[in-house]
Amino acid sequence: MAAAYSTVGAVNRAPLSLNGSGARASLVPSTAFFGSSLKKSAAKFPKASSGNFKIVAQEISEDQQTDKDKWKGLAYDISDDQQDITRGKGMVDTLFQAPMQSGTHYAVMSSYDYISQGLRQYNLDNNMDGFYIAPAFMDKLVVHITKNFLSLPNIKIPLILGIWGGKGQGKSFQCELVFAKMGINPIMMSAGELESGNAGEPAKLIRQRYREAADIIKKGKMCCLFINDLDAGAGRMGGTTQYTVNNQMVNATLMNIADNPTNVQLPGMYNKEENPRVPIIVTGNDFSTLYAPLIRDGRMEKFYWAPTREDRIGVCKGIFRTDNVPEEDIVKVVDQFPGQSIDFFGALRARVYDDEVRKWVSEVGVDTIGKKLVNSKEGPPTFEQPKMTIDKLLQYGNMLVEEQENVKRVQLADKYMSEAALGDANQDAIKRGTF
């Protein structure tokens, strides 16, 4: 048996020849298992240098890599984590699954879905395009946003800036110009999103949009939450409007976020990770309709926007910047209608194009307008820019003012309730002789 073991041992431990070098016999351990008759042979060649033997992996050539290559996944990660997580739904403890399709198990199938639906991106430069930003407006907005990104010692900074004022004074557009100037793409919300058929949905949406803005800040880009016409969605407009649970929860949610701006959680999902602070900008016409504790000074900083004569002239220069209207004519138009909002002058400019549209309609015929506008091979018509003279601007401006006065003066709703007549509308036509 000893001979048998020796034979086996001698065969298994024969010197291995690798690249011309033999294994040295001294490396073979001496053990009783192999027997005493084991031959120990010396190396015939000197030991090779370990630095001469290298294993090198060739880099992947993207030109040779094709989409049909079944081994493509070895070099590139082509898995979809979202779908992998979704497949595991039902096998994960429900403690880690959030309700209402807001947890990690809900697959985001398109990369476009990662871009927030409320993200507003601007393609304008207020310097190049000639838009006017009121200095007082810009100062208030820039200081508020900057303060919220600073850590000032022992100072409680209001998270919300409420910009309010008359209708059509350019509050939202001035905000957008300042955002574009600062390089901010805000997360947008409007008053229509502050009510829903489902109780609690608007409050959840505010938290969701706030966290989306916080994620953008976390990635190193400034952002803010911008809510248009907050009073129209969350305020009480007299006894005729109903105060719903959603109105109450929107006010309460904004109060809670203002008190805890770095700990905003979605309903049903709670973790201890803090989120960046996101400044909130809201606009409205009358903040007295909002819940009073929301607009107190510690939570909301208020700014009443009433454009001065210089502001109105500056904005109107931007409105008529492509029409070659002389500056002195713009000043005359602004001074002629001192009580009108800034939006009035935009409507005035649009009204001047009525003559061009009327001329085009008479050329093509009323019965073929649909074919020319919607189903035309030539594309939509193009108009030459009409010449805007001071007389034409004043004429159309007076027409707009007259229509405003009719709405305020006639008030047909009261007439309909009291008698079957058209009120003073017919009286005007009788006086003009056109009845």
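Placement of Cβ uses the backbone N, Cα and C atoms for every residue, glycine included.
Taken verbatim from Swiss-Prot:
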type	residues	note
BINDING	Gly165, Gly166, Lys167, Gly168, Gln169, Gly170, Lys171, Ser172	ATP binding site
TRANSIT	1-56	transit peptide
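Features as recorded by Swiss-Prot, highlighted on the structure.
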residue : record           : contacts (Cβ under 8 Å, 6+ apart)
Gly165  : ATP binding site : Lys171, Asn285, Tyr304, Trp305, Ala306
Gly166  : ATP binding site : Asn285, Ala306, Ser341
Lys167  : ATP binding site : Asn285, Ser341, Asp343
Gly168  : ATP binding site : Ser341, Ile342, Asp343, Phe344
Gln169  : ATP binding site : Trp305, Ala306, Pro307, Ser341, Ile342, Asp343
Gly170  : ATP binding site : Pro307, Val315, Ile342, Asp343
Ser172  : ATP binding site : Asn228, Thr283
Assigned element (helix, strand, coil) containing Gly165 (ATP binding site), judged by DSSP: strand
Residues within 8 Å of the Gly165, Gly166, Lys167, Gly168, Gln169, Gly170, Lys171, Ser172 Cβ centre (excluding the ATP site residues themselves): Thr283, Asn285, Trp305, Ser341, Ile342, Asp343
Lys171 (ATP binding site) CB neighbourhood, other CB atoms within 10 A: 24
